[in-house]
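Colleague: So TrEMBL has the following annotated:
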DOMAIN    A:78-267  domain 'ABC transmembrane type-1'
TRANSMEM  A:21-39  transmembrane segment
TRANSMEM  A:77-101  transmembrane segment
TRANSMEM  A:113-134  transmembrane segment
TRANSMEM  A:146-167  transmembrane segment
TRANSMEM  A:188-210  transmembrane segment
TRANSMEM  A:245-267  transmembrane segment
Amino acid sequence: MKQKRDRLNDESRLSRFTTHVVLIFASFLAFGPFVWMFLTSIKTYEETIQIPMKFLPEIPQWVNYSIVSDKLNFPQLYLNTILVTIMMIVGQILIVTICAYAFDRLNFPGKNVLFMGMLALMMVPGQIFIIPRFKLMVNLGLTNTLVGLVLPGLFNIFGVFLMRQFFSTLPRELDEAARIDGCSYFRTYWNVLLPLVKPGLTTLAILGMLNTWKDLMWPLINNSQADKMTLAAGLAMLIGEHTTYYEQVMAGGVIAVLPLIVLFVIFQRQFVEGIAHSGIKG
Amino acid sequence: MKKKITALLLALTLVLSATALTGCGGGGGESSDGPVSLTLSLWDEAQLPVIQENVDAFNAAHEGEIEVTIEQIPWDTYWTKLDASLETNEAPDVFWMNTYVQKYVDAGVLEPLDSYIEGESFDMSVYAEGRVDAYNVDGQQYALPKGLDAVVVALNTELFDRYGVELPQEGWTWDDMRDIASQLRDAIAAAGGSEYPIVMELDAQPSWMNFLYQNGGNYLSEDGKTCGIALPESKDAIQQVVDLMNNEQMAPYSVLTETKGTDLFISGQAAIVFIGSWKSSVLEDSSLAADGKVQLIQMPSMAVDNKTNMGGLGYVMSANCENKEAAWEFMKYITGEEAMAHEAEEGIDIPAYLSAQAGYVENFQNINAQAFMDASATGFAYPSNGNFDWTTIVDDAMQEALGQVKTVDEAMDEGAAEAQAILDEVFG
């Protein structure tokens with residue numbers, strides 16, 4: 001009996017050790033870039049390009065933060081990014097789910113062809129659409145607006161595919177019951193099915209948020225006025241043709257991610273639970 | 001509760017879109033009674049503050065008539081964005097141009113300036129001739145030149161002192177350079193040091209583009225139809241660089257691909273570097289220069305001479321511009337004596353406007369910036385014919401030769417043949 005317990009202990013000790021080694025390694029991978037970003041942000045330009053590399057700055061150059069704050073209007077950039085992200089998430093959830101619902105629950109001629117055609121579009125590299133899309137925005141008068149950043153991204157094909165999978169797991173009996181109670185197609189979608197695919201919505205929202213927050217190319221193309229930039233586009237302004245002052249870019253990077261990190265720490269439980277829930281239920 | 005939140009979010013979206021839309025309508029700036037509004041696109045973050053000051057001065061002088069706003073677009077996106085916007089009326093009225101000028105002339109999106117120049121007998125000789133020529137395409141002038149750049153050699157005098165090697169003198173040749181580099185190499189090895197005698201950047205402009213011409217070869221023939229990298233003189237020039245690397249007189253290719261030559265130099269890891277004037281402020285601000293350890297000297301001569309190629313920006317006008325007279329006024333001002341003297345004093349660019357150049361040199365305390373001016377006096381325009389399919393091939397061939405993936409002979413012959421096929425198709 002005792003022997004058995006010891007062996008168990010040994011095993012769990014070994015596995016705990018392995019787990020920790022893996023986790024420590026993973027956290028280095030995860031935190032390394034942030035640490036490096038911060039250290040670079042308080043170096044002088046010379047220290048950032050120093051060979052061999054210098055890990056710590058000689059004298060911390062906090063002035064980089066005030067330089068970069070003078071160059072970029074961070075409150076405005078933040079506001080723009082947050083507005084664009086909210087509009088994108090809300091809009092995507094509405095449009096994508098209603099489309100996914102139609103593809104899963106309704107029967108209409110050419111449904112499958114249409115769906116396959118849409119999926120095929122996913123294989124076309126996005127860069128191809130930049131110029132026609134820009135022309136469209138010019139004709140709509142939406143260049144240099146936040147709506148112009150949101151509108152082209154609202155219809156998310158991957159999202160439709162994802163949500164269709166979620167809808168298809170729900171039993172048809174729900175629709176029938178709703179029908180008998182006198183629900184229209186829209187009511188069935190809005191009151192009965194939508195609340196049941198919440199895990200899918202979480203996934204959709206998180207993916208949408210990440211993509212919108214970090215999108216660089218389109219904001220740079222569509223908006224050229226400094227007061228209509230998002231954070232990512234604003235930071236890109238600091239990249240020069242011949243010389244890039246990395247310490248300023250990194251100081252800007254720290255300013256751009258710090259509030260998010262703080263938010264994550266505060267709402268960590270909700271974040272993790274949200275994702276875990278979606279795993280179980282989905 | 002949940003319904004309320006959803007409703008709130010929906011309402012929020014609607015309100016936001018509405019405000020954003022009206023914001024756009026109001027900002028169109030096409031009003032008939034206000035001042036004429038012009039946009040200027042540029043890419044360089046480092047130059048922006050000074051140019052903004054010049055634009056402010058222009059706006060103040062034309063209060064109520066012309067209002068110029070700057071839109072900065074980062075270098076990486078500038079050309080994509082320009083392509084997209086030139087096809088629409090969203091194009092900036094005035095924007096920065098460089099060696100790509102021919103491409104945009106061919107696309108018909110640039111306004112020829114000859115009628116404006118002739119209309120008021122505007123004197124183009126106020127600008128450096130080489131830069132005026134660079135923007136003269138098929139006999140028509142498309143840009144007013146802004147600045148110019150040139151390539152020189154920077155020396156780390158501390159390393160020369162430490163290893164007891166004499167500094168090169170003006171008028172030096174590649175033989176002298178090889179000799180100095182060997183002495184440095186041996187002294188560094190004897191002392192167990194890790195520095196390199198010579199480093200360079202692998203891009204065309206600060207390095208091999210100069211060598212080709214200095215050795216009597218060329219990159220592109222005068223008529224813009226023949227690629228000359230397979231000429232014996234061109235091959236020899238590249239071979240000499242490869243030999244420098246093989247003899248450990250220059251840092252090996254693997255080091256130079258990983259780290260920019262100028263960064264190695266500023267870190268005190270190299271004694272000699274070929275360097276462009278666009279790096280002048282970085283050099284000036286380095287602690288190496290602050291300690292008085294940097295000396296600039298003209299490039300060493302190869303078989304023919306030591307002339308360097310010269311790039312430089314220009315201001316062009318969009319053919320779609322709705323207020324061309326106002327745009328012309330602005331272009332004259334922003335490339336004119338007052339504005340360029342200010343750029344020179346701030347040290348951001350060597351003016352193409354000749355009488356504004358004087359202030360540039362005084363801006364530098366730690367390096368003898370006059371060397372850049374001297375180099376630009378004999379510089380030749382960066383060769384270009386507006387097609388960039390063949391240049392990519394030549395760039396690749398150069399990297400294969402320098403990296404010794406292929407012999408210089410093979411790389412140049414194959415690269416030239418492939419590039420020529422494209423040139424024949426486009427210009428033949």
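Heads up, the Cβ atoms here are built off N, Cα and C, so glycines get one too.
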Colleague: Taking pairs 6 or more apart in sequence, does the count of Cβ pairs under 8 Å between the transmembrane segment (A:245-267) and the transmembrane segment (A:21-39) hit 3 or more?
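Modeller: In contact, yes.
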Colleague: With contact taken as 3 or more Cβ pairs under 8 angstroms (pairs 6 or more apart in sequence), are the transmembrane segment (A:146-167) and the transmembrane segment (A:21-39) in contact?
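Modeller: Contact between the transmembrane segment (A:21-39) and the transmembrane segment (A:146-167): absent, because fewer than 3 Cβ pairs are under 8 Å.
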Colleague: Return the stretch with the most CB pairs under 8 A relative to the transmembrane segment (A:77-101), choosing among A:21-39, A:113-134, A:188-210.
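Modeller: Highest pair count goes to A:188-210.
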Colleague: May I ask for the residues of the chain that lie six or more residues beyond the transmembrane segment (A:21-39) and have a Cβ under 8 Å from a Cβ within it?
Modeller: 55-57, 250, 253-254, 257, 261
